[in-house]
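A short write-up of the structure that comes next.
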Amino acid sequence: MNNEVFPNKFKAALAAHQVQIGCWSALANPISTEVLGLAGFDWLVLDGEHAPNDVTTLIPQLMALKGSISAPVVRVPTNEPVIIKRMLDIGFYNFLIPFVETKEQAINAVAATRYPPEGIRGVSVSHRANMFGTVPDYFVQSNKNITILVQIESQLGVDNVDAIAATEGVDGIFVGPSDLAAALGHLGNASHPQVQKAIQHIFARAKANGKPSGILAPVEADARRYLEWGATFVAVGSDLGVFRTGTQRLADSFKK
């Protein structure tokens, strides 16, 4: 059995500022996730915040991605150490932490993924991530192979973006466009000039601090604009969105 899980190639690609094109997985189903894994995306977000996912639904999705080139990234429902620990133990190495507004919150997110003395991650000697105790040097290698992406989606987060981006252990800054738009008074309108200006500012400050930036942009024109603005890791759609629009288009083509 191949029990080599390191190094984390997605983390290395981000550190090298290589463009990484991703997709959102929101259907909470191993078959749809497996299909996404066959498409050739660099990374996939398995959403634990707005999709009906938990440990029991995420494990089969991780299994479905075994052998895929797509790096699984879990968006946890909240920045909470026990939740993060459980995601680590089932086999996630890449984390998207929602609603980070301060440097302290970013520090706490990093600490939750690191074993002592660098952090506070609880220790289990046998779990899915270390292939039930068979991965050589897991405890030595784990801390330096975890990816932490923090999500900026409020005015306070925008105000503190430099301090957040400069936090040791933070690998990238991700913009939550819908929540950011709502926070800026433009609910449902991420295209508003004020929101777009804030997004561009976040990208610029991430770059100034040597960190890659990312965003979810299911509209192709938006995704290409964000890439031109310097975003490195961009999710260009979702399984739910593709399924909904594709089936609607198919039905409409025959019913009109």
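Positions of Cβ are set from backbone N, Cα and C atoms, glycine also.
Listed by Swiss-Prot as binding substrate are Ser178, Asp179; the candidate from Gln141, Gln151, Gln200, Gln248 that the record includes in that site is Gln151. DSSP gives Asp89 (site 'Increases basicity of active site His') a helix state. Comment: substrate site residues Gln151, Ser178, Asp179; largest CA to CA distance 12 Å, whole number. Using Ser178 (substrate binding site) as the reference Cα, a 10 A cut-off selects none from the recorded positions His50, Arg75, Asp89.
One way to see the shell of the substrate site is to take the Cβ centroid of Gln151, Ser178, Asp179; the remaining same-chain residues with a Cβ within 8 Å of it are Pro98, Phe99, Glu153, Val175, Gly176, Pro177, Leu180, Ala182. Between the C-alpha atoms of Asp179 (substrate binding site) and Glu153 (Mg(2+) binding site), the distance comes to 5 Å. Of the candidate recorded positions, His50, Arg75, Asp89, the one lying closest to Gln151 (substrate binding site) when CA atoms are compared is Arg75.
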